[in-house]
Amino acid sequence: MNFILRGFGHYAPEKVLTNADLEKIVDTSDEWITSRTGIKERHIAADDECTSDMGYEAAQKALAQAGIKPEELTHIICGTFTPDSMIPSTACRIQEKLGIKGQMCLDVQAACSGYLYALQSARGYLCLEPDSKILVVTSEVVSRRMNWEDRATCVLFGDAAGATVMTSGDTADGPHVVDVMLAADGSLGDLLTVNGGGSAYSYKLGEAIGPEYFVEFKGREVFKHAVRNMTDMCESILERNGLTKADVNVLIPHQANLRIIDAVGRRFDIPEERIFTNIARYGNTSAASVPVALSEALETGFVNKGDLVLIPTFGGGFTWGSALIQF
Ligand code: UT7
């Protein structure tokens, strides 16, 4: 079966927070953030804007590009670690905003690897029901899970949403997913957490919330594992498909840190001009980063018909993966 990606869309909130703005909030500098991460600015959701609002915006664009009406959808799969609420799922909220009913709606939580986990889930559902039309949407309001007093984390993330529509079909119909490989190692879960609000942490009505309600991580440890696992998974997916690094036209990695991206690019001898990055403008948007990058890479002509695109991701859990998309 061919897994066709018929439409791509992305959305970012209007408000932009620059490194200069952050200098006024925490003890940091544009120089430190730029040299250590490559980030210059990030988008921040409005007070009345939530994850499903942004996912809805991205979904509308992807559906329009696909030429598929919302009511034709059969499944909505939403990747996010910042859902609107515990219940209902964000996928259900997006369904409601699209004005449709009846579809299977499911949230997938794999932190920054959320898009590839959602994409692989979509491939599974498509195998079960080949006539499916599946919305894969990832959306994150990471800003609400930031401790704005912690300079080690709050400078890194941003808010955004990305969406794609997947159906079966002919490879001439559009880009298609060649393969996806996923992995996880729960024994390293404590290196990147948002513990507050979960069942492992008791909390009572009226209690003040603490730093555990926000993203906490051991940056250097995450960095090391990210480079190693993203690289290993890229090697595995190329090998499994009888390909070599010379076959890859474009690298579109999860946008966590420009130094991580550069390190992965170097291991695959992929020159800078064939690596798509938008981290300077978005920061790390977690599960949204890959579909936003895919959508922008298409929109700007960075990726063209015939290109084989390699996509590595890494996130909390730890979770990681790689995908090959043939444009
Ligand atoms: O998508 C998956 C999630 N991604 C991640 O978790 C990110 C992975 N990790 C990273 O990207 C990098 O490790 C960071 C960007 C988080 C940190 O870069 P680093 O080069 O590993 O710096 P560090 O954590 O070792 O900190 C170096 C210094 C420390 O000061 P001392 O101890 O050397 O005096 C920090 O206190 O930089 C200091 N520092 C800052 N200084 C200015 C940490 N954050 C900041 C800041 N501004 N925002």
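Glycine is no exception: its Cβ is also placed from the backbone N, Cα and C atoms.
Unlike curated records, TrEMBL annotations are generated automatically.
Residues or ranges marked as domain 'Beta-ketoacyl-[acyl-carrier-protein] synthase III N-terminal' by TrEMBL: 106-186. Mean pLDDT of the predicted structure over the domain 'Beta-ketoacyl-[acyl-carrier-protein] synthase III N-terminal' (106-186): 97.
Under the heading active site, TrEMBL lists C112 (among others). Sequence-distant neighbours of C112 (active site): residues of the same chain at least 6 apart with a C-beta under 8 Å from its C-beta are H254, A256, N284, S286, A287, S289, T313, F314, G315, G316, T319.
The annotation domain 'Beta-ketoacyl-[acyl-carrier-protein] synthase III C-terminal' is assigned in TrEMBL to 238-326.
Here the Cβ of H254 (active site) has 30 other Cβ atoms within 10 Å, regardless of which shown protein chain they belong to. According to DSSP, H254 (active site) is assigned to coil rather than to any helix or strand. Feature annotation from TrEMBL assigns active site to H254 (among others).
The feature region 'ACP-binding' is assigned by TrEMBL to 255-259. Here the region 'ACP-binding' (255-259) has long-range neighbours at 36-39, 112, 156, 223, 226, 277-280, 282-285, 289, 293, 314, meaning same-chain residues at least 6 beyond its ends whose C-beta is under 8 angstroms from one of its own.
Secondary structure at N284 (active site), as computed by DSSP, is strand. A sphere of 10 angstroms centred on the C-beta of N284 (active site) encloses 25 other C-beta atoms. Among the features that TrEMBL reports, active site is placed at N284 (among others).
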In three-state terms from DSSP, label C112 (active site) for me. helix
Reported in the order helix, strand, coil, what are the DSSP residue counts of the domain 'Beta-ketoacyl-[acyl-carrier-protein] synthase III N-terminal' (106-186)? 30 helix, 30 strand, 21 coil
